[in-house]
Every structure is written in structure tokens, then in C-alpha cells.
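Novice: Dropping the structure in here first, questions after.
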Amino acid sequence: MLKVLIPTIMLFPTIWLTPAKLLWTTTTMHSSLIALVSLTWLKWASETGWATSNTYMATDPLSTPFLTLTCWLLPLMILASQNHINPEPINRQRLYISLLASLQTFLIMAFGATEIIMFYIMFEATLIPTLVIITRWGNQAERLNAGIYFLFYTLAGSLPLLIALLLLQQTTGTLSMLILQYTQPIALDSWGHKIWWAGCLIAFLVKMPLYGVHLWLPKAHVEAPVAGSMVLAAILLKLGGYGMMRMMIVLDAFNKELTYPFIILALWGIIMTGSICLRQTDLKSLIAYSSVSHMGLVAGGIMIQTTWGFSGAIALMIAHGLTSSMLFCLANTTYERVHSRTMILVRGLQMIFPLAAMWWFIANLANLALPPLPNLVGELTIITTMFNWSPWTIALTGMGTLITASYSLYMFLMTQRGQAPNHIKNLPPYHTREHLLMALHLTPIILLVAKPELLLGWCY
């Protein structure tokens, strides 16, 4: 654990002491080395499931994919932000990269925590850098409004979780995941216990987000700069799914009957947000709503509480994290050239940027779960386990899959095909940096095709 955490903390002196000319090169190299070291976590040797570095930090097959994704994303965020942060004063550039590094530190400590209260503190701590990134470096004046939505939705969901955790500590005498999973589960026999159960769940459902409490997400995504959108889509939403899985494994008290309304809401959300995607005009907004749709499927898979459901949820979360991050990067590269996110003004780009059109095409195919990508592995596993739970769910999940394919192709055709309008002639060409960024997003997705047990391994 410390082999990654200590180099991440050492990023801060690197950021503030490096000469201005070498700032971006050095931080990219340093964070890339951390990402490479984090890949060693995926080689699983422990028999018991947990590999501890101390009393409070440990890794297991559930947390390692998320930890590796967190470390993999920091160099990509630094690469993606280079163009639009470069004109700013050097201290602001340093502050921006410091915020990204602090976000990685908090996330490593959240995914690696064995104490639930430490997980909760780090879960909340990620709010601060994200909020500063959105409200300070966002594009429009709406960014303050988006920041307030983001903060209050998350806080309102999280406070019941804090009270629920304090009650759990009072009842069991410990909040260690290592001990709690072997204790007697709490019987949900009174209304008080059922409210306590909902308190444990709601914070994570808001963070995922579940349809109905999702309004903060499109706002935050649309207003955030590219690194903010990337980290939100790729990791912060996954904190909700990870937290739910942890609470379910640890408490073993998630009553099947109580999850029914949430599963129905999640399935209905897949169709509703997919339909909203079909009538979006804003490129980033469309990608943001597609995230809500995918996370609805993940929420359903987790709440069914079967081994298949959990495996599918992990596979889909990791695959979706890389895919949606790539889509946000592509949307940003388009915005930096055309200075518009409105899809009717950004069309016919295939003739101008043929290689970028290829990246768009592959990213959209990954988004609609093309075989044999891990996106399909996750979706099929969840759809199968849902069908096993109730055959009626196939109508909703099948419809959701069709709508996902429709809006993915709609997004590709609107931005790439057709005749290029007159206002987007003589655009600056794509840089090698941007092609490298797309390749680094896509490589893990393709490699996971060859070795999917890295994601599904915890249940074998």
C-alpha cells in the first residue's frame, strides 16, 4: 500500500519545487511511474483475500481494480489539462496539479481503508479538491451553481451515513471491515433498524448516482474542466458503488425486500436517462447522462447481492470509468478547437480529423458495449443475474441496451459525419499528446479482454 501512497505524497514537493519549464513533463513522468507501480497490485498472491500494510490500510481483490484505476488516471488528467491550463500563471498551474494529486491521495486512502470511518472521512475529503476544480477552473458562470448542487446533494446523502456508522460502532464495538464481516449480522426487525439500513445506503446511491438523485451530476460534468469531468466519471462515481459493495459484504444485513424499490428505480433510470441522452444538444451533457444510465445498471447488479451481480458491477464500473473518461477527453479536444459543445455546430469533423474520428468511433463502440470488450462482460453478467432474479427485468435492461446503442451512434453521427459547416475551417491539428491520451485510455480496456479475471477474480 505504502509503495504507492508515499510516492503520491512526494508528488507535492515535486510540483512546487520543479522549475516552471519542466513542470508538466516532471509531474507526468512522476505520476506515470506511480501508475506503473500500482499495476503490481493486480498480481494477486494472498490466500486470505486481504493483504495488509498496517492496521488501517489493506488491499483485497475488490479494491485493487479501483486503486489501479485511480493511479492510472492521474497522468492522463495531467496530459489532458495541459493545453488549457498552460496560459495561466505558474502558481495557479502548480495549485491545479496539486489538487489533482491530493484527490489521488484521498482516493487511495478511501479504497485502501479497512476502518469504515476512515473510508467515510476520505469519501468526504474528495469533495474539497473536486469542488475547487469545478468552481475555480470551470468554463461558464454556471459553475458556482454546479458546485453548490454537487456539495449539497453529496453532503445531504452522507450525513445519515455518519449517524448510521456511529450507531454501528455503538452496537458492535468496532468499525473494522476485517472484523465486521465475521460478526453476527444485525437483524432488521424494527423500523429503526430499517431506517438505519437506508442511512447506510443512501449516501452511496446519491454518489453513484441513482436516477432521482442524479441532478447534480450533469451540472457538475458540464461545468467542470476536463480533468474534473474525467475524475468524476472515472472514479468518484465508482466510490458509491464500491461503498455499497463494502457495506453489503461487511454487514450482510441488506434485506432483499428493502432493496426492491431501489432496484426498480435503477432499472427505470436506465431507460429514462437513456431517453434523455437521445434529445441532448450539448455533447458533455449527453456523456454525463450516459454515465447515469450505466451506473443504474451497476446499482441494480449490486443490490441483487449475488456473486455474478458483484462481478458484473466491478467489470462494468472499471470499463465504464475508462470509456467515459475517454469520451470526455474527446469532447474536450473538440471544444478546444471549435469552442462549442453544441452538437449541431460541431459536425463533419471526420473529413478534417480522420484519426480523431477513429478514436471517437472506438470510444462509442466501447460505450455501447461491443463484444468482446469488458463493458459487454459487465453488462451481460448483470443482465443475466437480473433475469435470474426476475424474468421481467429483461424488458427494461434490453430496452436500455437498445437505447444505449442508439444514443452512442447518434453522438458519433452528429459530431463526425455530414458536411463540415463553414465556421470550422482551418482548425489546428491534433497533437501527439492527444493521440497518446486516447491510446492510454483504450489500452487497458483492450488488455482486459485478454485477462478479465483481474476484474472478476475476487469471486473465484
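Here the Cβ of each residue, glycine as well, is placed from N, Cα and C on the backbone.
Automatic prediction, not curation, is the source of TrEMBL annotations.
It should be emphasised that the depicted structure is a prediction, and the values quoted were computed from it without experimental measurement.
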Novice: With the ranges 286-304, 438-456 to choose from, which does TrEMBL describe as transmembrane segment?
Specialist: 286-304
Novice: Are there 3 or more C-beta pairs under 8 Å linking the transmembrane segment (62-81) with the transmembrane segment (310-331), counting only pairs at least 6 apart in sequence?
Specialist: yes
Novice: Treating G and I as helix alongside H, and B as strand alongside E, what does DSSP give for the domain 'NADH:ubiquinone oxidoreductase chain 4 N-terminal' (1-110) in helix, strand and coil?
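Specialist: Residue counts for the domain 'NADH:ubiquinone oxidoreductase chain 4 N-terminal' (1-110) by secondary structure: 81 helix, 5 strand, 24 coil.
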Novice: So, does the transmembrane segment (286-304) come close enough to the transmembrane segment (195-217) to give 3+ Cβ pairs below 8 Å, pairs being at least 6 apart in sequence?
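Specialist: Yes, since the transmembrane segment (195-217) and the transmembrane segment (286-304) share at least 3 Cβ pairs closer than 8 Å, they count as touching.
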Novice: Using a Cβ cut-off of under 8 Å, list the residues of the same chain at least 6 residues beyond the transmembrane segment (390-413) that approach it.
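Specialist: Answer is 267-268, 270-271, 274-275, 277-278, 283, 286-287, 290, 293-294, 296-297, 300, 343, 360-361, 364-365, 367-369, 379, 382-383.
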Novice: Are there residues at least six beyond either end of the transmembrane segment (224-245) with Cβ under 8 Å to its Cβ atoms? List them, or say none.
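Specialist: Distal contacts: 62-63, 66, 69-70, 73, 76-78, 80-81, 84-85, 96, 100, 103, 107, 110-111, 119, 123, 126, 130, 133-134, 137-139, 143, 146, 201, 203-209, 217, 284, 287-288, 291, 295, 298-299, 302-303, 310, 313-314, 317-318, 320-322, 324-325, 328-329, 332.
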Novice: Can you tell me the mean pLDDT for the domain 'NADH:ubiquinone oxidoreductase chain 4 N-terminal' (1-110)?
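Specialist: Mean model confidence (pLDDT) across the domain 'NADH:ubiquinone oxidoreductase chain 4 N-terminal' (1-110) is 91.
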